[in-house]
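As annotated by TrEMBL, region 'Disordered' applies to A:42-62. Residues or ranges marked as compositional bias 'Basic and acidic residues' in TrEMBL: A:45-54. As annotated by TrEMBL, ATP binding site applies to A:106, A:127, A:134, A:135, A:136, A:137, A:138, A:151, A:195, A:196. Annotation comment: TrEMBL describes A:236, A:239, A:311, A:314 as Zn(2+) binding site. As annotated by TrEMBL, active site, glycyl thioester intermediate applies to A:253. Here TrEMBL flags A:365-468 as domain 'Rhodanese'. The feature active site, cysteine persulfide intermediate is assigned by TrEMBL to A:428.
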Ligand SMILES: [Zn+2]
């Protein structure tokens, strides 16, 4: 930049990042101290530290002496206590209850905020992920200051900031068969706020093994679904879905998109159902399912089947035990991974592929070529490489002639395309669809077609760091 | 007879992204009643425009699809043998897993 002592943009960014990290640490410490302070003032007795809990918030039973709420509690929860159908009994039930929220993402964010705010005695949070910028539009419990840090730490700090009297337990690990029973057995109610199929089967089975009610929510695109499983003789997840869906039917938010407020609404409803179960009020959504369609503003509540006698998890002849649960391979059963890392296909021989760096070099040298971008058109509109031709994979077959035309030759002589002077490269978002497209193009006679390994993501990583990713 | 068919949870993508279809379906000539079994094959022929394997498996819906007849799980009314009546609302919904 310049030599007059003015910092470069990267220096400034670095300093902002380090200040923000320091600020987050200070905020963390403040919320810890506040929790300790309110503990000292509301109750003088010594507290036993709960195993995972670094912070000594009062445990709920200690705050209720002789079945009475403390003055602070009465004031904090007064609007609950004023509700005739909720009242002091349901609030006391909440204060004694513990809820495990698995997933601190789009569903878990609002669920956790409300569960902490409403005074559930102990709230556990399980997640192994870190906060990313593209989470913040929906995962409203996290703030910019926590980008790059653990979601559990971030969510726990937010919950403590709202209600320092609630015990927040941090489980900074993936929920797996190896740790599931141990973690879940310490809670009364489970909220499934995960985002993948194997986790949903695993969590439901674990709830059956341990006899815990399961508040299950899901959201994708502009739709959401909600129900309560394994409650009061009602069905479990396997009663409804004995066979896993084909992997092609399992879309992810990272691929299909999701309107932020939609999981927000479902997560709020999950908090509501957890509060009803914990508070022992109302009719929890068991044996029924809520279907939410945001675009048409429709909510449908349907009656679903009851517990199935044939269910492999909860039926009459079930053999599911904690040991069998620990040994069960959920990834194999559902044919999909527990982690949400994107699929990495490897369909093509190396000579049919080129790296983004190499493509860049060839492009700079002025090599005559056609670059086909096979992403859907709404992806292409977000960002694209200059002079690329957008032919979505789904319409490739019908639009082959456009590639032929672009390559400067007749549609008729596909079979002799090796003599053609222009090269043909195919790109997509991450390098999977481009391989599928190249495979098809080879079959159709475009034998020189090559895919760009890793797609636009690798372009952003290896060639142009300023290129937007999404 | 007139039926309202709704597709959700992504299944609408198989029918040109149209979620609600008001349709007239008659029972097969040799049968007096319209069953879900016949409706599924009618939907396959008349509404599903792509990837039918994302809707059907064998002669029933694929795993992960819930079928609701007048807001009630078809398991409770006899699945494929359920007899439909005029003005019934049948919802096909794929379960979501995202969060
Ligand atoms: Zn079951």
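Including glycine, each Cβ sits where the backbone N, Cα and C put it.
Where TrEMBL records a feature, it is marked here on the structure.
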| residue | record | DSSP class |
| --- | --- | --- |
| A:134 | ATP binding site | helix |
| A:195 | ATP binding site | coil |
| A:236 | Zn(2+) binding site | coil |
| A:253 | active site, glycyl thioester intermediate | helix |
| A:311 | Zn(2+) binding site | coil |
| A:428 | active site, cysteine persulfide intermediate | coil |
Tally of DSSP helical, extended and coil residues in the domain 'Rhodanese' (A:365-468): 46 helix, 15 strand, 43 coil
For residue A:236 (Zn(2+) binding site), the number of other Cβ atoms found within 10 Å of its own Cβ: 26
From recorded positions A:106, A:134, A:195, A:253, A:428, the one whose Cα lies nearest residue A:236 (Zn(2+) binding site): A:195
Neighbourhood of ligand 1 - recorded positions from A:138, A:314, A:428 with Cβ under 6 Å: A:314
Residues A:106, A:127, A:134, A:135, A:136, A:137, A:138, A:151, A:195, A:196 [recorded ATP binders]: greatest CA to CA distance in Å: 20
Densest Cβ neighbourhood among A:239, A:311 (binding-site residues), 10 Å radius: A:239
Any further residue of that chain within 8 Å (Cβ to the Cβ centroid of A:236, A:239, A:311, A:314) of the recorded Zn(2+) site: A:204, A:208, A:229, A:230, A:235, A:237, A:238, A:240, A:307, A:308, A:312, A:313, A:315
Candidate with sparsest Cβ neighbourhood (10 Å radius) among A:134, A:138, the listed binding-site residues: A:134
Cα-nearest neighbour of residue A:106 (ATP binding site) within the listed recorded positions, A:239, A:253, A:311: A:253
Cβ-based proximity (under 8 Å) of the recorded positions A:134, A:195, A:239, A:253 to chain B, or none: A:195, A:253
Integer Å distance between the CA atoms belonging to residue A:253 (active site, glycyl thioester intermediate) and residue A:136 (ATP binding site): 13
When distances run from the Cα of residue A:311 (Zn(2+) binding site) to each of the recorded positions A:134, A:138, A:195, A:253, A:428, the nearest one: A:195
Protein Cβ atoms within 10 Å of the residue listed as 'active site, glycyl thioester intermediate', excluding its own: 23
